[in-house]
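Some features that TrEMBL has for this protein:
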| type | residues | note |
| --- | --- | --- |
| ACT_SITE | SER68 | active site, schiff-base intermediate with substrate |
| ACT_SITE | CYS82 | active site, proton donor |
| ACT_SITE | SER238 | active site, proton acceptor |
| ACT_SITE | HIS251 | active site, proton acceptor |
| BINDING | PHE6, GLU67, PHE232, GLU255 | substrate binding site |
| MOD_RES | SER68 | pyruvic acid (Ser) |
Amino acid sequence: MAVSGFEGFEKRLELHFFGDDPLSNINNNMGLRLLDFESIEQVLRAVQCTVVSAVGNHFFDAYVLSESSMFVYPTKIIIKTCGTTQLLKSVRPLTHFANKLNLKLCGCRYTRGSFIFPKSQPFPHTNFKEEVIYIEENLPKNLVYRKAAVMPSKNPCYSWHVFAAGDQNHRKKSNSDVTFEICMTELDRHLARKFYKKAGDCKTGDSAGKEMTVLTGIDDINPRAFICDFAFDPCGYSMNGIDGDRYSTIHVTPEDGYSYASFECVGSVYDDDVDIVETLKKAVQVFKPATVSVSTTSNSREVWTTVARAMEPLGLKCRTFAMDEFPAAGTVVFQTFTAARRK
């Protein structure tokens, strides 16, 4: 493994807001989407990344970032960043700008895997304890229900870190949403090469990204989704998919020695299991990784069985299973899988 390289494992932050003013902007169904681009840029400067592409629909706005993605809904914002970004530095400015729209923070969830290059991470991401202290210092006092945990695996390189907090009204997750966060390492070398721009290629990041989306079969994962994609120089790829009120996102760091890809999507506990299984299978088959970790966050304890059914036909065996309950998040299930040929 390389001594140091680009950190593929993302940090993910999800913030929920509510409008306590009957005349607040949430009533016109825009809420946080009314944040102007200058404010968004200010938040991302604190994180140390920029917007490279954006698209929106009736339900939300999706941004491809120089380091991953951001999704803005009327009362929810999700930011996912890789590399040495300082994601948690977004909490304070986001809360400030939301307050100007008469929106108050009511729920927070922060998740990440184990970094490949932990010593390269800047404050406050030097370790999970520091991250938790930093989040807690920057959350409003009304988020009284808080919990932090490291969900273990047999291989300490694949632990899952979770912090969740909620106020009195948001502490129990009552909706039907399911979030799937998939982290893949040791990608198939031949498939990983497809995420390199060809030498002398003068295509823009947008046009090269569209080419990679088709070439790799990413466009077939959810054919209904509108895809906003981007290819980086000399390698790397990001995409956001928009399908009604649901997003999906993929990020690829293809360098040999620390290759990594992630796939994240949202669904519902009422979705057809067959559809979820097919989506997860297609996403993993794009990369044929040696190791996969999957976190599911929902109000159901049973969703994890769907994940196992998707992985096993691909020759991936479940090595670790952990389950925990979190305020304002629900049940988090963390599973790791490795290719049967590798122990």
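Cβ atoms are placed via backbone N, Cα and C, with glycine included.
Bear in mind that the values here come from a model prediction, so they are computed numbers and not experimental data.
For CYS82 (active site, proton donor), the count of additional Cβ atoms within 10 Å of its Cβ stands at 26 [all protein chains shown]. Rounded to a whole number, the distance between the Cα atoms of GLU67 (substrate binding site) and the residue listed as 'active site, proton donor' is 5 Å. Comparing Cα positions, HIS251 (active site, proton acceptor) lies closest to SER68 out of the recorded positions GLU67, SER68, PHE232.
Comparing GLU255 (substrate binding site) with SER238 (active site, proton acceptor), their Cα atoms are 15 Å apart once rounded.
Cα of SER238 (active site, proton acceptor) to Cα of PHE232 (substrate binding site): a distance of 8 Å. A simple way to gauge crowding: the CB of SER238 (active site, proton acceptor) has 26 other CB atoms within 10 angstroms, across all the protein chains here. Cβ crowding, taken as the number of other Cβ atoms within 10 Å, peaks at GLU67 among the binding-site residues GLU67, GLU255.
Over all protein chains present, the Cβ of SER68 (active site, schiff-base intermediate with substrate) has 26 other Cβ atoms lying within 10 Å.
Here the C-alpha separation of PHE232 (substrate binding site) and SER68 (active site, schiff-base intermediate with substrate) works out to 11 Å. PHE232 (substrate binding site) is surrounded by 20 other CB atoms, counting those within 10 A of its CB over all protein chains shown.
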